[in-house]
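Database features, via Swiss-Prot:
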- Lys352: SUMO2 cross-link (CROSSLNK)
- Lys353: SUMO1 cross-link (CROSSLNK)
- Tyr160: 3'-nitrotyrosine (MOD_RES)
- Arg492: omega-N-methylarginine (MOD_RES)
- Thr518: phosphothreonine (MOD_RES)
- Thr643: phosphothreonine (MOD_RES)
- Thr648: phosphothreonine (MOD_RES)
- 125-280: region 'Nucleotide-binding (NBD)' (REGION)
- 409-419: region 'Interdomain linker' (REGION)
- 651-654: motif 'Prevents secretion from ER' (MOTIF)
Amino acid sequence: MKFTVVAAALLLLCAVRAEEEDKKEDVGTVVGIDLGTTYSCVGVFKNGRVEIIANDQGNRITPSYVAFTPEGERLIGDAAKNQLTSNPENTVFDAKRLIGRTWNDPSVQQDIKFLPFKVVEKKTKPYIQVDIGGGQTKTFAPEEISAMVLTKMKETAEAYLGKKVTHAVVTVPAYFNDAQRQATKDAGTIAGLNVMRIINEPTAAAIAYGLDKREGEKNILVFDLGGGTFDVSLLTIDNGVFEVVATNGDTHLGGEDFDQRVMEHFIKLYKKKTGKDVRKDNRAVQKLRREVEKAKRALSSQHQARIEIESFFEGEDFSETLTRAKFEELNMDLFRSTMKPVQKVLEDSDLKKSDIDEIVLVGGSTRIPKIQQLVKEFFNGKEPSRGINPDEAVAYGAAVQAGVLSGDQDTGDLVLLDVCPLTLGIETVGGVMTKLIPRNTVVPTKKSQIFSTASDNQPTVTIKVYEGERPLTKDNHLLGTFDLTGIPPAPRGVPQIEVTFEIDVNGILRVTAEDKGTGNKNKITITNDQNRLTPEEIERMVNDAEKFAEEDKKLKERIDTRNELESYAYSLKNQIGDKEKLGGKLSPEDKETMEKAVEEKIEWLESHQDADIEDFKAKKKELEEIVQPIISKLYGSGGPPPTGEEDTSEKDEL
């Protein structure tokens, strides 16, 4: 009898377990979607990490645009935005500004003045009226337009995963009220998605940076400057529990406004040059808008950008340059105005600047260097968290949340996985480890530095890539080596070699070296499993590094002192040999005295590479005692002040 009871219990257990499995199976892979005003983004938690998914155009962010062509075709995303210039009345965007609001809402009345498509009142709500081709007009609720964008994101995820997606986590601004949240959920339902959670965008961004994993209570300021909106939120996190303490911002400030300022500038400039007013040609204005947006993006990484438009207006071409300085000047008042909501949020939460533990930048417009500078200055030099693309951070956090809801066990330590566990760098003269990426930097990340040659007419530099915490490469772990050849003959320290380290989300390191003079390049790719360390080795190395820190410091000082003497001697040698500089101003006796002293020190260096710090310092002092009286004499006769250090610009040598 006992046996049957046990068997029944087992059966029951199996049935419950199977039911749980079924339940989990029903959910499938849950995706995280950032449904933005101007752009949307989708991510998924897969194989223990977040993947942000590129759309069919290869873009990781998709314009929140829907268009209806005269032929009756419906376009969503990039395709819709691309034909905005030719079909502005039937291209719908900014639906997020209308969703969940009533027709009489003052912000709706303000918005519809600026939208190129028609917004009408229906059931006390704003509806969008468009021509869907074949002479037919149709009205859509904002939820339906948002649903079309969500469908596009859902299809993007399905194409990547190779299976149906039915469940999602969708983000909304922290200030969205219940009606707006419910309307967003409804948009999901229309798109065939079960929206399991609606989470606040700033919370999602904080989760993306793993800030929910920190011990104790933390204050986090999220600065979110997107395409059309600006939101500042102050969150507190206490052991994984988030609370939005205060929010502020400007629902009408973002990248589009910066574009508008630049456009107005060029429209005025064009009128001044040609006497023609472009404003009345909708298509020309939209063409300009598209090119200005491209130029603005380019200016986040370069100092000027060209804007070229063929047959811009009445058959005439348009060609102008926009510099970063001009872009900043045109928008400076808007950039500065972003600080007021930050101040307000601090006041509302009763906190001082120094109480903020983390600053998180979100939204594509936070890539603008001036914005980053203003935020950093406001917080007295405190650096914001970095490492996740600002336009992907919200979707990233939504995907983490989605992973938890999918029942993925791996989400536990997620964000700890996504850092670079050890410092990465290259070997420079004297076996010194020159750091490019410090340990615990969140990946993906990219860092560049300029180096130079260590000897005259050096045709090749060898780039040795190491990981580890010790100041000297011999104590660190060699990851790979490659050569950059074909460097044209030049004195030491003259060639400029830019070394770039880039780690992608999969922890794959790419190191590139480029001779800035010739454009000559070479690179190496280092993957996780190739030659990498185990977590135990990493831990041991970090502990060792602390133990050895003191002796390492002494050794590095010795090498630095030697390098100082060497640089001083070679710099003098070059100047004495240059008739344009010191060489042309010295008397023959003085020249001979200096040449002899310099040669003597160079020879001594070659045979005493391992001398003590004191020896190197003494030799440098001896040389200075010979050189300085001669140079002082020159000063007396009005010569220019050549110092021994003149040409040694601050570049490490390879």
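Cβ coordinates come from backbone N, Cα and C, glycine included.
Positions of Swiss-Prot features highlighted on the structure.
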residue: Tyr160; record: 3'-nitrotyrosine; DSSP class: helix
residue: Lys352; record: SUMO2 cross-link; DSSP class: coil
residue: Arg492; record: omega-N-methylarginine; DSSP class: coil
residue: Thr518; record: phosphothreonine; DSSP class: coil
**Request:** Consider the modified residues Tyr160, Arg492, Thr518 and say which one has the Cα lying nearest the Cα of Lys352 (SUMO2 cross-link).
**Result:** Tyr160
**Message:** By the count of other Cβ atoms within 10 Å, pick out the sparsest of the recorded positions Lys352, Lys353, Arg492.
**Reply:** Lys352
**Neighbourhood of Tyr160 (3'-nitrotyrosine), C-beta criterion under 8 angstroms, separation at least six** = Val44, Glu51, Ile53, Ala54
**Message:** Between the Cα atoms of the residue listed as 'SUMO1 cross-link' and Thr518 (phosphothreonine), what distance do you get, rounded to the nearest Å?
**Reply:** 47
**Complete:** In all the protein chains shown, the tally of other Cβ atoms within 10 Å of the Cβ of Thr518 (phosphothreonine) is 12
**Averaged pLDDT, computed only over the residues in the region 'Nucleotide-binding (NBD)' (125-280)** = 89
